[in-house]
Amino acid sequence: MGSLKEGQGRDMEEGESEEPLLMAQNQRFTMFPIRYKSIWEMYKKAEASFWTAEEVDLSTDVQQWEALTDSEKHFISHILAFFAASDGIVLENLAARFLNDVQVPEARAFYGFQIAMENIHSEMYSLLLETFIKDSKEKDRLFNAIETIPCISKKAKWCLDWIQSPMSFAVRLVAFACVEGIFFSGSFCAIFWLKKRGLMPGLTFSNELISRDEGLHCDFACLLYSLLQKQLPLEKVYQIVHEAVEIETEFVCKALPCDLIGMNSNLMSQYIQFVADRLLVTLGCERTYKAENPFDWMEFISLQGKTNFFEKRVGEYQKASVMSNLQNGNQNYEFTTEEDF
């Protein structure tokens, strides 16, 4: 997969040395005083959303798995294989690059907590594969999906290339906003389709928790980007987003078609474009696809339904009192999921 050394050894691009987020701080080893209240609030939201794999009951899923069609089993197992690998890739980017790039303690605190959550996500997906897949050779193939499954290898290579890239923090930040905001969107949506059908309650509950975590991680990337003094030319943002849309569409509509579980591939393609438009707007760009959300049931869950996420969660998702000190907190940055851009 290549070495990280070439990316880590790069010099700062012109203008980066003057970026407050990236400048070495004398007080970077102590948390207070907080310089960016909006970043601190995002960290406290992440802290309030902690959960563990032990909270997810898979007993019903084990019974329902046997009743699924071969096509449904194929689709779900490959989606889980992608997720199990991708969380490790995101974790490596955080540990090897972003924690070295960013010098603000409250931003590092968020990344540190995100690393913990990515580990839990990876554990959850691995546990799902371990629970559902009994054949040892098939299990080994799925656990090594980056090497053994071409459509997953292509997505992984795009991510790994950005980890190793010598390009600016701003470029890599947008790329990984796409990883968490676009690369996961089709797969999340497909699993929520199973929830709509009343299938696999443990899988779909864990998907809800993880998709909301990833939505927050994507929001955080957009927040940091909004705080950069030198942002990218719009054309560069569009280029990165378009690449991500093409790869995700090919993955979930062609290579691992969602019609295996009864979904319409054309509507899934439209949904991915809708998600991309929303990300573009959050990054300060204009919508490029002009796509509407074709799945009205996604309004209440996942990326589109986060407005009440930290106030209301099935199963007591928010840890008690963690957010109490932020009720009247900073309002400098607020991500909305309204469709009217």
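Placed from the backbone N, Cα and C atoms, the Cβ positions cover glycine too.
Per Swiss-Prot, these features apply:
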ACT_SITE  TYR125  active site
BINDING   ASP87, GLU118, HIS121  Fe cation 1 binding site
BINDING   GLU118, GLU180, GLU214, HIS217  Fe cation 2 binding site
REGION    1-20  region 'Disordered'
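Positions of Swiss-Prot features highlighted on the structure.
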{"residue": "ASP87", "record": "Fe cation 1 binding site", "DSSP (3 states)": "helix"}
{"residue": "GLU118", "record": "Fe cation 1 binding site", "DSSP (3 states)": "helix"}
{"residue": "TYR125", "record": "active site", "DSSP (3 states)": "helix"}
{"residue": "GLU180", "record": "Fe cation 2 binding site", "DSSP (3 states)": "helix"}
{"residue": "GLU214", "record": "Fe cation 2 binding site", "DSSP (3 states)": "helix"}
Notebook entry, point to check: Taking GLU180, GLU214 as the binding-site residues to compare, which has the smallest set of other Cβ atoms within 10 Å?
Noted result: GLU180
Margin query: Tell me which of the binding-site residues GLU180, GLU214, HIS217 ends up closest to HIS121 (Fe cation 1 binding site) in space, Cα to Cα.
Written below: GLU214
Margin query: Using a Cβ cut-off under 8 Å and a sequence separation of 6 or more, which residues in the same chain sit near HIS217 (Fe cation 2 binding site)?
Written below: VAL90, GLN114, MET117, GLU180
Check: What's the CA to CA span in angstrom from TYR125 (active site) over to ASP87 (Fe cation 1 binding site)?
Finding: 9
Check: So what sits near GLU118 (Fe cation 1 binding site) in its own chain, CB-to-CB under 8 Å and at least six residues off in sequence?
Finding: ASP87, GLY88, VAL90, LEU91, LEU94
Notebook entry, point to check: Given the Fe cation 1 site residues ASP87, GLU118, HIS121, which other residues of that chain have a Cβ within 8 Å of the mean position of their Cβ atoms, reported in sequence order?
Noted result: PHE83, SER86, GLY88, VAL90, LEU91, MET117, ASN119, ILE120, SER122, TYR125, ILE210
